[in-house]
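Engineer: The following block contains the structure, expressed as structure tokens.
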Amino acid sequence: YLLILALFLSFRWLVIAVGLVRAYLAKGSYHSLYYSIEKPLKFFQTGALLEVGIVPSSVVLTAFQVMSRVFLTWAVTHSVKEVQTEDSVLLFVVAWTITEIIRYSFYTFSLLNHLPYLIKWARYTLFIVLYPMGVSGELLTIYAALPFVRQSGLYSISLPNKYNFSFDYYTFLILVMISYIPIFPQLYFHMLHQRRKVLSHTEEHRKSE
């Protein structure tokens, strides 16, 4: 069951990767490639909510990652049409895609009890570049959305109203951006710790053989 799930999850991100490459080859430009993978990205990323607690990863880390990506996909990129042409959107989509292809390939080969060292190395090394790349794309996209959110009053609730409640989505987005300051270093250094632990153990095992 888990093997079939891992294969399916790898396949869905391969669909997005192929869509990006085909669109780039057809257009000859990387600008506005988001539209070529918009529908599968929304479908697959929303479906990732079902993975929490199923895939062999930390539930807390997986839940945070999935929720933040669903938020970026729907509450920012989908809701603020003006940012969909921003290069920052492509930045986080490419980072997500490569990361997930590697991650689910890792799970698949692990379940087959035949994990190539290259896959393990990629799983615990490429995040060094891909994680900051994805976070940068997410933050730049939220930042690009701020003027349009402020002008339109998107998702904001003003007083007076019968619920005696107000909500400013513009301020909320700023708070979301600020939340990356304490959260990103924790997750990043956690992965660095995991990298040292896993790869050093692998090296010791290979030397002992």
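Glycine is treated like the rest: Cβ placed from N, Cα and C.
Relevant sequence annotations retrieved from TrEMBL are reproduced here:
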{"type": "TRANSMEM", "residues": "6-25", "note": "transmembrane segment"}
{"type": "TRANSMEM", "residues": "46-68", "note": "transmembrane segment"}
{"type": "TRANSMEM", "residues": "88-112", "note": "transmembrane segment"}
{"type": "TRANSMEM", "residues": "124-149", "note": "transmembrane segment"}
{"type": "TRANSMEM", "residues": "169-189", "note": "transmembrane segment"}
Engineer: By a Cβ-Cβ criterion of under 8 Å, what residues six or more beyond either terminus of the transmembrane segment (88-112) are in contact with it?
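Structural biologist: Contacts with the transmembrane segment (88-112): 2-3, 6-7, 9-10, 13-14, 16-17, 20, 30, 33-34, 37, 41, 45, 55-56, 69, 72, 77, 119-120, 122-123, 126-127, 130-131, 133-138, 140-141, 144.
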Engineer: Give the nonlocal contacts of the transmembrane segment (124-149) in its own chain as ranges (CB under 8 Å, at least six residues past its ends).
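Structural biologist: Result: 68, 72, 76-77, 80, 82-83, 86, 88-96, 98-99, 102, 155, 169-170, 173-174, 176-177, 180, 184, 187-188, 191-192, 194-195, 198-199.
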